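Student: Handing you a structure now.
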Amino acid sequence: MAMLPKFFLVLLCLGLCSCSQKTTTIEGEQMTIFYRIVLGTSLSAKEKASLSQQIDRCFHKIDSIYNNWNPYSELSIINRAPADVPITLSVELSEFLDQVDTLYKLSEGRFDPTVGPLKTLWLLHLKSQTLPPKDVWEQHYKDMGWQHLEFQSNTKTLIKKNPHVQIDLCGVVKGYAVDCLNEICNTFCPNNYVEWGGEIKTSGHHPSGRPWRIFSEAAGTILDIDDMAIATSGNHIQKWCVEGKIYTHILDTRTGKPLELSSYPIQSVSVVHPSCAYADAIATVLMTFDSKIEAKQWAEEHHILTYINDGASS
């Protein structure tokens, strides 16, 4: 679950608040990714210890179920399973894959959580300033695809129709974790802010009484984010020049190749939505459109609030 660079500046300004504005801040690192939680109240030592324990349990659940980098996670066990054998899923993973299936269908396959091995292959070569052999990446491309999985939400089972297909939920699980953490925080204080790896969700308002404010580079301005989540995808940092072309870390599932800047002009996308998991996935989906106009039209058709920066058009 490697951290992707995000383009947010959170304007909490807590250090400038008056002494009457009590807050509780908990921050740390989980799975190599920094997290920060701010509550608009001063918790007692007992309450803070309880909150910290629940936060740890949330991250443990994420690691033990959804983390494909953990060889003992439920997801890793599924990835090692043979084809054509029904796999019984936990309630948590089954419900999550139901959301994933919805996102896959909504995006018409642009969001596909089986792209992981192909992406790893491309990044390994791009970081070495080379391109993978065509026959190698094309074989990886044939092995990926949500269509190679038979998921039954009613029976909570999954069957791999292709033994090589792998599930990688990195493109959505950070947002899901933020949703879970936000639910926990709401039981302690209705005004809170949660961030993990650049994915953000807020409830209520800032301790000063104003809205929570976040600067989004995709929007080019400060946004008021109350009782909503915001996620951003962008190509500013993770890109490589190979054989005269600039490639990014995002793959187009329609071609099996990473986005090449001359063909994909969108630089960053922010999505605002009640679900951080949803915003997380859709932000990446919108990066794969051929133009800002097309991406904006698709988002509007699906009633999704987005901010898209292509460095040119308004």
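Here the Cβ of each residue, glycine as well, is placed from N, Cα and C on the backbone.
Quick paste from Swiss-Prot:
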BINDING   Met31, Trp69, Arg110, Phe111, Asp112, Asp168, Lys174, Leu251  FAD binding site
BINDING   Gly171, Asp280, Thr284  Mg(2+) binding site
LIPID     Cys19  S-diacylglycerol cysteine
LIPID     Cys19  N-palmitoyl cysteine
SIGNAL    1-18  signal peptide
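So where do these features actually land, and what's packed around them?
Tutor: Within 10 Å of the C-beta of Met31 (FAD binding site) we count 19 further C-beta atoms, all protein chains included.
Neighbour count (other Cβ atoms within 10 Å of the Cβ, all protein chains): 32 for Asp280 (Mg(2+) binding site).
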Student: Check the Cα distances from Thr284 (Mg(2+) binding site) to each of the binding-site residues Met31, Trp69, Lys174 and keep only the ones within 10 Å.
Tutor: none
Student: Let me spell it out: for each of the binding-site residues (Trp69, Asp112, Lys174, Leu251, Thr284), count the other Cβ atoms within 10 Å of that residue's Cβ, using every protein chain shown. Which one has the most?
Tutor: Lys174
Student: With H, G and I counted as helix, E and B as strand and the rest as coil, say where DSSP puts Phe111 (FAD binding site).
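Tutor: For Phe111 (FAD binding site) - judged by DSSP and reduced to three states - the answer is coil.
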Student: Listed binding-site residues are Met31, Trp69, Arg110, Leu251; which of them have CA atoms within 10 A of the CA of Gly171 (Mg(2+) binding site)?
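Tutor: If one measures from the Cα of Gly171 (Mg(2+) binding site), no binding-site residues come within 10 Å, so the answer is none.
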Student: Can you give me the Cα-Cα distance between Lys174 (FAD binding site) and Asp280 (Mg(2+) binding site) in Å, rounded to a whole number?
Tutor: 8
Student: Can you tell me how many other Cβ atoms are located within 10 Å of the Cβ belonging to Asp168 (FAD binding site)?
Tutor: 23
